[in-house]
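Colleague: Can you read through this structure? Questions will come right after.
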Amino acid sequence: MPDDMARPLIRDRGEAGGSRHLEASMSDSPVIGIMGTGDFSRSLARRLVSSGYQVVVGSRNPKRSEDLFPEEVEVTSQVEAASQAALMFVAVFPEHHSTLLELKPSLAGKTLVDVSNGLRINHDGPSNAEQLADMFPDSDVVKGFNTISAWALQRGPRDASRQIFLCSNSSKAKSSVMQLCRRMGFVPVDMGLLSSSLEIENLPLSLFPSWRIPILCTLFLFILFYLYNFLRDVLQPYVTAGKSVFYKMPIETVNVTLPSVALVMLALVYLPGLCAAFFQLWSGTKYNRFPNWLDRWLTCRKQFGLCSFLCAALHAIYSLSLPMRKSTRFKLLLAVRQMKEGDEVWVEEEVWRMELYVSAGIMALGLLSLLAVTSLPSVANSVNWREFTFIQLIRWPSD
Ligand SMILES: NC(=O)C1=CN([C@@H]2O[C@H](COP(=O)(O)OP(=O)(O)OC[C@H]3O[C@@H](n4cnc5c(N)ncnc54)[C@H](OP(=O)(O)O)[C@@H]3O)[C@@H](O)[C@H]2O)C=CC1
Ligand SMILES: [Cu+2]
């Protein structure tokens with residue numbers, strides 16, 4: 001039926017031929033409610049509708065918010081939405097959860113999904129979801145969806161941001177939300193009871209958690225080797241022979257340092273595997289748990305490898321640009337000598353400045369190449385894009 005194919009799945013309000021009634025095909029699926037009409041609510045509503053759910057949105061001001069949603073979505077008052085929905089997403093900031101208390105009778109016995117994020121990492125005390133559960137003791141609270149940004153919801157499940165971490169004290173409520181996740185194309189991950197909700201709320205707040213140690217390690221090694229090379233190639237000739245080769249600092253010394261760092265980092269990729277083998281031989285079984293430090297080391301080998309690769313790539317770029325730099329420097333010195341007007345200090349300064357410019361250019365190139373590398377699909381699998389959801393913490397001014 002070509003007519004059916006041509007019709008878009010989700011129509012915006014006011015488009016010709018639109019009907020305000022829910023599609024017949026959706027009428028057998030449960031009604032999902034969303035409280036709030038913000039960015040998250042809008043993206044979620046679209047995704048739910050395109051997954052075949054009937055959606056009702058509760059707003060303090062339905063008239064004003066109606067046009068923000070596709071026409072299949074019913075936008076109504078908070079009380080009306082709460083009484084219609086079988087399952088309610090609370091897409092309202094946690095500081096406003098208490099304003100929903102008057103809906104308690106209508107929400108009793110229903111599932112509430114708390115999608116809110118924490119404001120600070122590692123704060124103790126009850127999580128947002130636990131506070132919500134205290135406010136609505138007659139409802140089943142499920143924590144989840146906070147690791148998915150409104151943007152990711154709108155684009156649909158892709159890459160590693162497909163995972164949705166869920167926890168609840170009611171296994172029935174949790175499994176119904178899991179089913180909903182699967183129908184929307186996401187992969188639910190069961191995190192157990194509601195006491196895990198603080199952990200889930202903290203997830204988007206920690207930036208690139210598995211990259212911290214490898215990056216610190218790279219920096220530490222770089223500083224160590226750089227200092228050694230500086231002492232050996234720059235300071236020692238100056239002190240012993242009075243030879244000033246400080247111009248080597250931004251490029252040549254860096255270039256000698258990089259491969260050393262790359263090699264040590266590469267060794268650090270393979271070393272934990274050997275340690276693990278020794279550990280198993282030592283304990284005579286492969287069923288013993290590895291010590292914690294080894295476990296953590298084993299899990300960030302990929303990041304160690306990528307850092308090593310970055311250093312090696314930078315070293316290649318530096319090495320390629322060295323002949324270029326040398327010829328420019330030679331020309332500059334020649335020009336100065338021909339003009340017979342430059343004093344040594346001026347020449348030194350000019351050479352220095354040029355070295356710095358070239359160095360900055362190379363660094364920028366290196367960073368660009370790193371970006372290019374991390375966007376390669378094969379590497380993309382090793383980067384957990386869920387860690388990029390910090391974008392969701394940036395709030396757009398509403399209305
Ligand atoms: N944006 C994102 O990418 C993500 C957001 N989240 C979470 O989702 C929740 C909503 O986020 P977001 O949609 O971005 O927020 P917005 O500020 O865009 O929307 C919040 C909505 O809450 C409703 N609301 C209900 N009661 C109140 C009240 N008393 N004061 C103010 N607003 C109220 C408003 O709708 P109305 O005026 O119609 O009643 C408003 O549109 C937050 O808890 C956030 O942590 C989680 C993951 C990602
Ligand atoms: Cu080399």
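Placed from the backbone N, Cα and C atoms, the Cβ positions cover glycine too.
Curation plays no part in TrEMBL annotations; they are all automatic predictions.
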Colleague: Could you tell me which of the ranges 1-24, 49-72 is annotated in TrEMBL as region 'Disordered'?
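Modeller: Spelled out, TrEMBL records region 'Disordered' over residues 1-24, not the other listed ranges.
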Colleague: Going through 213-231, 304-324, 356-376 one by one, which has the most CB pairs that fall under 8 Å from the transmembrane segment (261-283)?
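Modeller: That would be 304-324.
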Colleague: Average the pLDDT scores across the domain 'Ferric oxidoreductase' (260-393) and report the rounded value.
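Modeller: Computed over the domain 'Ferric oxidoreductase' (260-393), the mean pLDDT is 77 on the 0 to 100 scale.
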Colleague: Quick one: DSSP breakdown of the domain 'Pyrroline-5-carboxylate reductase catalytic N-terminal' (32-118) into helix, strand and coil?
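Modeller: So the domain 'Pyrroline-5-carboxylate reductase catalytic N-terminal' (32-118) is made up of 40 helix, 23 strand, 24 coil.
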